[in-house]
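Report on one structure; see the data block that follows.
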């Protein structure tokens, strides 16, 4: 994959070349998207809109730390949607990991989560965030046990994952409506890189075959059901809904 590769003064010498080789990235000086290695973290920038700032994954501080400490925890919609109740903490495959936020919420309340991400730039951002998170004295211990990254396309990987999870979580990128042009700055940068998941409909059936309990699909409130498969089971929040589908139970 081609992207502009940059490092800032103070970044570890040679680290950018190692990173590019690991994730199969090629430097393209004219690419409007840039992957920048700073002394603190790896971040994604939209070069033609510098005011949007950079995107990076931070499980330790910022919004993620605030959500972990002061958010709803088990009361969050995503936790309810995957079925967390009492001592039941399902094993989850997040098949569209993105920036890892929902996966982190689930891990922080006790679920084991395997994140799948096919875009090598996004996978590199997630890996950078995980590396720093694993090294953190406060969260590193449980984060290493509960949150892992698999760099692969869900369209193929969902048929190969073992052991089977109880829940598969899907949050495919969906085009924003025109009147929502003032989408969060962060999402504008992110969508410029990955675009909408035009093949997302193909995820529902393999997800249902893989999950032993349920599949949860996060959708904007205006979006049709994934693959146009309606379900009466959903948790509705302001602006979103979590559609819930039955999985395929284990056979003895």
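Backbone N, Cα and C define each Cβ position, glycine as well.
Annotated S-adenosyl-L-methionine-binding residues in Swiss-Prot are 101, 102, 117, 118, 153, 154, and among 136, 171, 197 the one listed with them is 171. Farthest C-alpha pair in the S-adenosyl-L-methionine-binding residues 101, 102, 117, 118, 153, 154, 171: 19 Å apart. Annotation for the binding-site residues 102, 117, 171: lowest Cβ count within 10 Å of the residue's own Cβ, 171.
A coil conformation is recorded for residue 153 (S-adenosyl-L-methionine binding site) in the three-state DSSP classification, outside any helix or strand. The Cβ of residue 154 (S-adenosyl-L-methionine binding site) has 28 neighbouring Cβ atoms from other residues within 10 Å, across all protein chains displayed.
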